[in-house]
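What follows is a short report on a single structure.
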């Protein structure tokens, strides 16, 4: 049974912007009239703690589906970013998905750093933030740039499309099972260990709580390591390679001992997990939410179209006998029927020939000049038989009972039936 799609109501925002959220953004923007407006290609050098706002574009263009705006704040000293409005302020979010995205971003965003980069969509609500120094205020630089095509967004979008279209195939592939299990063991060891120990956890509620905790802990550790990846690679290259090799081999061995998914329920669970994950990737891989909704609707419709076509094919197969006549069975003629039809066809053709010869436009003299027996032809046109008594007698002797042709056929059959010496 297909699961219900009621969760789309909770996770997807409405296509139109909510009035309450728009009113809140306007009030927040009015409360900070002293904030400086940022534009693309701006480069601001200052030593005063101030706030800045980037006004989003109201007109959406499909050519900027994967474009992002990047604001970089650099200083010799430590800085802190405080969001005033925008999607990073989690007090007035429009949906559960927006709230989770906001909390996740604020949880993993660096609180204090010498260089802070803010990446957001050029469409949507106005983003306002203030720059707060940590300790003594030093000069800092605020630069604004726009990526026409953010390859990270495009890669996330393409990955989501691929996972959605090939979720069923991947869920049944042993290669995908082993490779994804190995990668999961390397990147998220806690989640991998919990999945391997699932049989020893009796309650699903306990397993779900542990899975959520392990998932967020693993993602948090992974994001923290990704920020310092260059430093870790240059200073601890051998340790990183050793960890990848050892944990990768252990993860592959655990997956190999467990074996690929055999029962249909586990495969369906993996397939639906991949599809839900792919929808989340498609939604986050597009800058404008309207384009994301359109792509999600097309994907869901294309997936449902397969089942509609199957139902239509089944109904057509069931209703086909009502509209299709039974095919006629061919029957061979007997010898008597064949002889009767041959005689009737011959008589009809001869009569048509007589009528054609009796027409005024028939070239009678030309026909007579080319015939060997003009008298016989004239008698035939006047109604006599087309065969003379001598011809009938010769035919009976040749093909009748006791004729030469019949005897030849009988002797040839007897010769073929004799065994070869």
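Glycine is no exception: its Cβ is also placed from the backbone N, Cα and C atoms.
Per Swiss-Prot, the stretch carrying the note transmembrane segment among 260-280, 281-301, 302-322 is 281-301. Per Swiss-Prot, the listed range annotated as transmembrane segment is 175-195 (candidates: 175-195, 343-363, 364-384). Note on the transmembrane segment (175-195): residues 207, 210-211, 214-215, 217-219, 222, 243-244, 247-248, 250-252, 254-256, 260-261 of its chain, located 6 or more positions outside it, place their CB under 8 angstroms from a CB of the stretch. Counting Cβ pairs under 8 Å that are 6 or more residues apart, the transmembrane segment (281-301) and the transmembrane segment (147-167) reach 3 or more and are in contact.
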